Amino acid sequence: MILRSLLLISGLTAAAVLFLLVWNYLHPFLSAYICAALLRPFVLLLSQRLHLPHVLSILLVLSIFTLLALSTFALVLAELVKGFQHYSTDLPAQAAALSTFLMNQIREWGEPLFLRLQASLEHSGIMTSSIDEYLQAAQTQAGQISMDLLKGVFEAVQHLAGMLPTSAAYIGIVVIGTFFFSKDWETIHRPLHSVIPPIIQERALQLRAEMERTFKGLIRAQCKLVSISTFIIGTGLYLLDAPHLLAITAAACLLDFIPYVGTGVIFIPWMLFQFFSGDFPMTIGLAVLYAIVVLTRQMLEPKLMADQFGVPPIILLLTFAGGFKLLGVYGIMLSPILLMVIQTLKKTGALKELLHFITSK
């Protein structure tokens, strides 16, 4: 039993280390394989039901989904560029107005206390400057911080622009890899069927069926949640007459897919900015809209997601944290898949059989 346990642990450790070492080189091809598996039902629909040639079916399906993805990306990018141009023009003036507003509030609230303190310490020569001089220095510092932030935004945009060629190459590799995986799907899998014993194939088919059921359930649940949140956000921003409605709604939709990030990344800074700018009606409107989104998601999410994972929320959080620590953003996406695999092994009895194999003599 001890020898089997050591061999299993050693094998799993070696596989995990090897996976981490080759991850940077293999993840485009892994993405291509996953895309090919997801597109395969549509390819089979065209080739078997409509009797189109297999290669033509792959090209049609791949072209349609690629064009849809690129069109969506281009639309979102165009809206983000328009929004950036708007804020890059208005941001210095808005920052100056915000700084002036804050300084006036500080002067109104703190001047009596400051004057009393200055009068009590004036004879010692310790605070001889007026409050206006201190506030002017603070306002200058705030303006410098605002310019540094604006410079950081421009540098971030330049960095993203520099990443576009790499991203284009990555997308090209994934698209080409998806085509070849789809074209040679049977050729790739046929040797595996001839080598793997039938009992293992049967167990693998059971695992695959259970994983597909769980994965589809998770995708449907997440898409329902994001669709509801996106509809609420779009409607609320339209009623609030917010600028760049489409870009903000699209960004909120994308962020809502990321676990433990969500739309708060957009709404909380936006509410703070509107509050300190003195636009209290917009602040209240955004706060109410964000509260509706959060409450709706909190009411619907347990019902939609609990049946799929079947684990306490703290376990899910630990899985996300561990995945992010090991693989960064990719880990956040892969950790639910790992948890889904473990749950599938448990449901199908494979985990129990594995433990029986380890503990048996």
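Yeah, the Cβs are placed from backbone N, Cα and C, and that goes for glycine too.
Features reported for this protein in TrEMBL:
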TRANSMEM  5-23  transmembrane segment
TRANSMEM  29-46  transmembrane segment
TRANSMEM  58-78  transmembrane segment
TRANSMEM  160-181  transmembrane segment
TRANSMEM  221-240  transmembrane segment
TRANSMEM  246-273  transmembrane segment
TRANSMEM  280-300  transmembrane segment
TRANSMEM  312-342  transmembrane segment
| field | Per Cβ pairs under 8 Å, the stretch of 5-23, 29-46, 221-240, 246-273 packing most closely against the transmembrane segment (280-300) | value | 221-240
| field | Remote residues contacting the transmembrane segment (221-240) - C-beta distance under 8 A, at least 6 residues beyond either end | value | 248-249, 252-253, 256-257, 263, 282, 285-286, 288-289, 292-293, 296-297, 300-301, 304-305, 308
